[in-house]
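Structure first, commentary second.
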Amino acid sequence: MKRIAVLTSGGDAPGMNAAVRSVVRSSINRGLEVYGISYGYLGLIRGDIKKMSLSDVGDIIQRGGTSLHSARCPEFKDESVQEIAVKILKEYHIEGLVVIGGDGTFRGATALENHGIKTIAIPATIDNDIPITESSIGFDSALNTVIEAVDRIRDTATSHERTFIIEVMGRDSGMLALYSGLGSGAESVLIPEEPYDFEKITSKIKRGMERGKAHSIILVAEGVMSAEECSKLLSKELDIETRISVLGHIQRGGRPSAKDRILASRFGHEAVTLLLNDYSGEMVYLKNNTISHVSYDTVLSEKKELDTSLIEIINELSI
Ligand code: F6P
């Protein structure tokens, strides 16, 4: 293998830049030519491709977002669009591709695999909903961002004795809401993976009020309902002052945490090693602080396990 390319696709995640840097530098230092494809699969079909040098990825390890830009490309599901991508990769003599993103990105890579292109995937999404890997790039940074936001909201919630309902991203996954709920000391967390009981939530708030605690933080994962809907349901049951806060894309931006930079650097390095050793159709993953790899088929056929027993801990610790 002489020439590979790298792209970032889907929702961006803090640490993607560290992964791109790692792929580019690991490739060049091992004698490969490496190309950067801008705007994910959309950029690929448009031929938005340029050769990368060591210095093209200088000064980006600490930056959020992705310097290669990202895009969602629903049309990539079409066979005819995939054929355009394959043709362009062949024109550039690109023999291997590293894709960085979430499950939609892996589906695109699977399609390229079926057309004979060698690909390796790196999991990157703040949702952390990719099976097998304990962590995806961006999750730890987003978790820290959410916890910091909740800390700030708690200050004002305490001052005004209010209940706050905070909406957390995650699409269909409650991972980000669950971990940030535990880490921020939220009173209640609503996630799609566990049925919620409004009765329990309201009686907890009432119990708190009886012992003189007049503020509460409720985290609701966007996959359950919106903060607004949650607030309406709550106010039917309780006569209390509530405010809502939708954290939104603040969760996606900002400097990557140390953990994400290190994970991204390790994943990028491993992805290049795998391509050089003729692997293809594999996702790199983290387990017990070890990096390994697994086929896309396995990843896409499994469901991410979420430790819902953490809900019990949240309930026990927040009185
Ligand atoms: O997958 C990452 C994510 O931030 C989800 O948590 C969220 O539902 C979605 O992307 C938002 O997508 P967009 O930025 O396209 O609105």
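Yeah, the Cβs are placed from backbone N, Cα and C, and that goes for glycine too.
Where the annotation comes from TrEMBL, it is an automatic prediction and has not been curated.
Copied over from TrEMBL, here are the features:
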| type | residues | note |
| --- | --- | --- |
| DOMAIN | 3-275 | domain 'Phosphofructokinase' |
| BINDING | G11, R72, C73, G102, D103, G104, T105 | ATP binding site |
| BINDING | R21, S22, V23, V24, R25, R154, G185, A186, E187, R211, K213, A214, H215 | ADP binding site |
| BINDING | D103 | Mg(2+) binding site |
| BINDING | T125, I126, D127, R162, M169, G170, R171, E222, R243, H249, I250, Q251, R252 | substrate binding site |
| ACT_SITE | D127 | active site, proton acceptor |
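Under 8 Å, Cβ to Cβ, and six or more positions away along its own chain, R252 (substrate binding site) finds G11, D12, A13, P14, G64, I126, G138, A142, M169. Sitting within 8 Å of the Cβ centre of G11, R72, C73, G102, D103, G104, T105, and not among those site residues for ATP, are the Cβ atoms of S9, G10, G40, G101, R107, G108, T125. Taking the C-alpha positions, the distance from G185 (ADP binding site) to D127 (substrate binding site) comes to 20 Å. Between the alpha carbons (Cα) of I250 (substrate binding site) and G104 (ATP binding site) lies a span of roughly 22 Å.
In space, R21 is the closest of the binding-site residues R21, R25, E187, K213 to G102 (ATP binding site), judged by Cα positions. A gap of 22 Å separates the Cα atoms of R21 (ADP binding site) and D103 (ATP binding site). Sequence-distant neighbours of R171 (substrate binding site) (same chain, six or more apart, CB under 8 Å from its CB) are D127, D129, E222, G223, listed in sequence order. A Cα-Cα distance of 40 Å separates H215 (ADP binding site) from G104 (ATP binding site).
Counting in whole angstrom, K213 (ADP binding site) lies 36 from T125 (substrate binding site) by their C-alpha atoms. When the CA atoms are compared, the binding-site residues lying within 10 A of D103 (ATP binding site) are T125, out of the candidates R25, T125, E187. Taken in sequence order, the binding-site residues V23, R25, C73, T105, M169, R171 that lie near ligand 1, meaning a CB under 6 Å from one of its atoms, are M169, R171. Cβ neighbour count for T125 (substrate binding site): 29 (other Cβ atoms within 10 Å of its Cβ, all protein chains included).
Annotated pair R25 (ADP binding site) and T105 (ATP binding site), C-alpha to C-alpha distance, rounded: 22 Å. Between R243 (substrate binding site) and T105 (ATP binding site), the C-alpha separation comes to 36 Å.
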